[in-house]
């Protein structure tokens, strides 16, 4: 079996190598709007019915374009080449996981743990696992895995439900179930304790990353790259003003990707990377002041340091955040 893994294979025909274990499940924190996601709740109003239909037809595909058949078809050869590079060039091992809702998640693991028993085990970076969660059109085959691999960490990448060979669709419950299965696999199959796991999320992958941090609070660290605080302002920006009430209801009920809320329950080290030219997570593309990474940092600081971040200091923080790196040194002279 190990030798066969050196070749690409039909994912649907490959046996499951790890299945979600209910006895290892973490207690789920209930989201305030979670009750509204059940089918029974859609009859509460015509707006709920419309919202349910929107998210289950084109809505989820707008949020996660990587789940569309056309994009997966276009990128087929690119993903194949990406897997080849990870397996042949970086000694990657592909695994098939099964979630509690019977989805199959395609993953790739690169093991950098030292083989030499005489090596310094504690200091070796390979003993730390980085779990990479990709963006809304990203795949482990062509995503952020090489960044962590080249830094000599062990790395586990996975594809969202509906992305590449992973089955299902990236609805909230399926995303959460996939992330929990990946965490179980990393801890109980690969053998990395939570305090040796770094969660690394790119863009919308920040939701899955912070959901895991919220439920596995003893992970070593969280890295969020080009991530927003809340998807709602970004979703509202994309739609006509007249549809704003429907968009708000649909997002809050069925796609409430609230990264800041998840992050509030994690108290370990966090690194935020803001892309100052990012046009995706800014409500006004190209305008640094509207980059939602600013709001994510502000909410995190207010949560952790409520005595430090008040109305006055928040204004100073905002002024500093909208200042370019070249001018921030000058700005500090007036603090």
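Each position is counted from 1, following the chain as shown.
Placement of Cβ uses the backbone N, Cα and C atoms for every residue, glycine included.
Annotations in TrEMBL come from automatic prediction, not curation.
What TrEMBL annotates here:
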- 134-244: domain 'AB hydrolase-1' (DOMAIN)
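For the domain 'AB hydrolase-1' (134-244), the mean pLDDT of the prediction comes to 98. Here the domain 'AB hydrolase-1' (134-244) has, by DSSP, the following mix of helix, strand and coil residues: 51 helix, 16 strand, 44 coil.
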